[in-house]
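Undergrad: Before anything else, here's the structure in question.
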Amino acid sequence: MALSMLAQESGSVTSEQIEHLHRRFKQLSQDQLTIRKENFDSIPDLEFNPIRGKIVHAFFDKRNLRQESDGLAEEINFEDFLTIMSYFRPIEMNMDEEQLDRFRKEKLKFLFHMYDSDHDGKITLQEYRNVVEELLSGNPHLEKESARSIADGAMMEAASICVGQMGPDQVYEGITFEDFLKMWQGIDIETKMHVRFLNVDTIAHCY
Amino acid sequence: MRPVSGVALLLGLMALPAALGQRSSESHKNSNESFAIVSFKWDHVKEPYIIALWILVASLAKIVFHLSHKVTRVVPESALLIVLGLFLGGIVWAADHLASFSLTPTVFFFYLLPPIVLDAGYFMPNRLFFGNLGSILLYAVIGTVWNAATTGLSLYGVYLTGIMGELHSGLLDFLLFGSLIAAVDPVAVLAVFEEVHVNEVLFIIVFGESLLNDAVTVVLYNVFDSFVAIGETNVTGIECLKGIVSFFVVSLGGTLVGIIFAFLLSLVSRFTKHVRIIEPGFVFIISYLSYLTAEMLSLSAILAITFCGICCQKYVKANISEQSSTTVRYTMKMLASGAETIIFMFLGISAVDPEIWTWNTAFILLTLVFISVYRVIGVVIQTWILNRYRTVQLEIIDQVVMSYGGLRGAVAFALVALLDGNKVKDRKLFVSTTIIVVFFTVIFQGLTIKPLVQWLKVKKTEHREPKLNEKLHGRAFDHILSAIEDISGQIGHHYLRDKWSNFDRKYLRKILMRRSAQKSRDQILNVFHELNLKDAISYVAEGERRGSLAFIRSPSTDNMVNVDFSTPLPSAVESSVSYLLREKAGPVCLDMQALEQRRKSIRDTEDTLAHHTLQQYLYKPRQEHKHLYSRHEIMHSEDDKQDKEIFHRTMRKRLESFKSTKLGINHSKKLNKIHKRDRGQKRRNSSVIPNGNIPPENPVQDFALKEKDLEFSESEENNDYETLHLGKGVDFLANVTKQNFTDAPAGIDNPVFSADDDQSIYMKFSPWLSSEDTVVPSQRARVQIPYSPDNFKRLTPIRLSNKSTDSFLLADGPEDRPRSFLPESTHM
């Protein structure tokens, strides 16, 4: 596989980092060319993550893989793996306004897809509830009902932000991506949603 | 005019001790002769009296400063206080040529500094602090060493050229001076930066640096102090090595002491349930002990108490009661701000003492120049290094503010005052220089930093309303990022945080938090409650504006959502209680709010129809309790009992009404249980939130669910659906009246609250009174309104679409509601 070519594609991820990720990929896939969902089960740290299902799912979501088609991939190769990882690269100093905007939208799109589990372009109340329930499932004392009501509250908030005063017969069906963007206004996601892919080989420390 | 009269007042106060002193000597002579009925014993109370007077003067001065907003907006308080101190010191000195007051290191380190640092630690934004810990540590450690070394060496170099004249100091003395003047002072930084409101990252870096550099300062100071004592010739490499080792011991040891005491404090606070009154005391005593213990072990006391505050805050805040938490907060702020006031005033007073002054123009000027220049150079170099690793870059503007914000303060002064004049020959010069440096940085830089920040357009903090979505996404974020780090197999920031929070949840919380607190302590839930509360308040405010809360419980609520709530008449609103409530809607004020609310509503309707209902079901409003004096308890118990009983009655009724609709039979038992568990947590809110009547306003129900609801509520459709539609779009007031006419006989009441019909008018106000055969809990409300008024966007019912279980939560409303809302509804 031409690593240098990939490096160009995925922007700021350097070839060194790619090598590192490649090693990791092989480790996860047990030297296969592709990764399947089950491979993620072998990561012990992921076990306690309340939304691990959603996260692993996102790796196989074709919308995130910059493919035209919709749906869920069975397995992903290293290139896909890298594509997903590149959603989490940090901003660069030399980005101009337009690039920054695109960069931001890309990241938000990834998030949005995670919430929108039925791929209809809308986060419906039910979808939102599921996410919130999963999010709060780490706290055993919190009941599902409170998670629900929180989701309901958040949805109302979203509705009031995005639609404003609603007409008598209007029903807010779900958060579209445009609404999603509106909700994120003023929060600089680009500085938050990033992982520093270290150059140092830390795999050895992990296992 | 005002400042003048204030000064006059202060003058009078100043004269008092002197006058008292004179009189006391006279009275002594007289009292020898016979037994005096009233004797004047000034000497007996002299010391505490003077201390109290000083504190009073300082506090009064603060009042005076704030009489004029123009002054305080331009001049920082710390600068004003120093000037005041100079002025007062001048008066005292002019009176008896005696500088009897000064800031002694003992008083400063043992009594004035701890409250300020504890306050800083206890209210430290932990996430921000630990997120920037790397940068903070670099500035605190490397930055301080750099400042100390360069300042000391440069001064020594200039001294060798001879322009400072003849001094009695060697290289070590200069380095000693450099080390004590190098440290940025937490008190001064806090005092100035609190008024400037720069963005939080910048603030936490400067402030964190000033807190954490204490360890460095203490070590450098001690090392050089001992070097000076043993003499230049005896300093060997081993001694230097010892110095470096001692840095790690002092800083890590201090931190460790702090963490141990934080653990103790959290553990203790878990078991204070029955001694609520002294609960806040533990926070102060144990943290203070951490300070003293660190001091005793000659570790960094500031680090100890800082970390004690940082580590315990989460658990303590969860464990102690709402009232105690408020008490802790206010007491801590009071102590800290009081100590700060006294420190600055005494810095001023201490300067008025000709004994301590020696002037050496070259030395003083060069010190000022060097500390400023080297601060700038240090900041630039370190930032350059840091920016290679930081994602949020520190820009040039930030660097300017950071360099300029390097204020020196009372710590330096106290340290220099500690110097032994026999060992350090130029102690006087060092003291005077330190005073000049402190005054220059606090007054001049403090004065100019605000215009500078404005001129440079530094990013400021913006206060945004917390949003539920934001919190949720934030939480999701944390998990996603840590998952990505897990998947890519790296140990990063998120990885560590994730592991820590897992550890915290699994072990620490179980040990350190009350069981009840473990459950309710979820940040998202807290935000949710807070927002709910806010909405509820605006809801009530709306009612107040209309002069009645009737609309809240009348079915016309359903219709009046068209009313535009967003433009309340300002005049009407401002005078209302709820306006005040909204102003400080924090959860802390909750109790007060509830009280206010109750009192008002009760007073308003003392003689209305509902009076006897009140008597019967609410017993007495809290205000009318005869408070029996008790040192150990603030009377709550009776209220609780009442609450409980009313609650139980309400619950019973609700559940019964439930059964009769053949819907919730299977649930009722379980519900009861769940509810009991849940209740403590929810009650906090329920006292203000009319939880129950909000369900009509959720726009986001699923259609499917709605349809079900429809089916189910058909039974009551015939009741009076027409009435409901009548009012739509009609002006609200007219609406209410109409509704009232139509309601009363038909018995339509807010379905959520009173499920009965055909009851007498009293019954309307006491849902739990309804006879058991006539219960149809209406689900109409939920079906009726698919949209919400803008203002109440987050005021959701808890579980809106789960009809079989809804009513127990809704019952929360009635539990408290009658106290505040019931009487109002009767005047319509």
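Just so you know, glycine gets a Cβ as well, placed from its N, Cα and C.
Bear in mind that TrEMBL entries carry predicted annotations, made automatically and left uncurated.
Since the structure is predicted, the reported quantities are computational estimates derived from the model, not experimental observations.
The following feature annotations were taken from TrEMBL:
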COMPBIAS  B:670-685  compositional bias 'Basic residues'
DOMAIN    B:55-455  domain 'Cation/H+ exchanger transmembrane'
REGION    B:670-700  region 'Disordered'
REGION    B:806-828  region 'Disordered'
SIGNAL    B:1-21  signal peptide
TRANSMEM  B:49-67  transmembrane segment
TRANSMEM  B:79-95  transmembrane segment
TRANSMEM  B:107-124  transmembrane segment
TRANSMEM  B:136-159  transmembrane segment
TRANSMEM  B:171-193  transmembrane segment
TRANSMEM  B:200-224  transmembrane segment
TRANSMEM  B:244-268  transmembrane segment
TRANSMEM  B:328-349  transmembrane segment
TRANSMEM  B:361-384  transmembrane segment
TRANSMEM  B:396-417  transmembrane segment
TRANSMEM  B:429-449  transmembrane segment
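Describe the structural context of these features.
TA: Long-range Cβ contacts of the transmembrane segment (B:244-268) within its own chain (Cβ-Cβ under 8 Å, at least 6 residues beyond either end) map to 215-216, 218-219, 222-223, 282-283, 286-287, 289-290, 293-294, 297-312, 315-316, 319, 511-513.
Here the transmembrane segment (B:361-384) has long-range neighbours at 138-139, 142-143, 146-147, 150-151, 154-155, 158-159, 163-165, 167, 181-182, 394, 398-399, 402-403, 406, 408, 429, 432-433, 436-437, 440, meaning same-chain residues at least 6 beyond its ends whose C-beta is under 8 angstroms from one of its own.
For the transmembrane segment (B:429-449), the residues of the chain that approach it from at least six positions outside its boundaries are 74-76, 78-79, 82-83, 167, 177, 180-181, 185, 188, 191-192, 196, 344, 347, 350-351, 356-360, 363-364, 367-368, 371, 401, 404-410, 412-413, 416-417, 419, judged by C-beta separation under 8 angstroms.
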Undergrad: Same chain only, please: residues at least 6 beyond the ends of the transmembrane segment (B:136-159) with a C-beta under 8 Å from a C-beta of the stretch. Say none if there are none.
TA: 129, 167, 169, 171, 174-179, 181-184, 204-205, 208-213, 215-217, 220, 362-363, 366-367, 370-371, 374-375, 377-379, 382, 385-386, 402
Undergrad: Ranking B:79-95, B:171-193, B:396-417 by Cβ pairs under 8 Å to the transmembrane segment (B:200-224), which is first?
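TA: Of the candidates B:79-95, B:171-193, B:396-417, B:171-193 scores highest.
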Undergrad: So are the transmembrane segment (B:79-95) and the transmembrane segment (B:396-417) touching or not, going by 3+ C-beta pairs under 8 A with a sequence gap of 6 or more?
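TA: Between the transmembrane segment (B:79-95) and the transmembrane segment (B:396-417), contact is absent.
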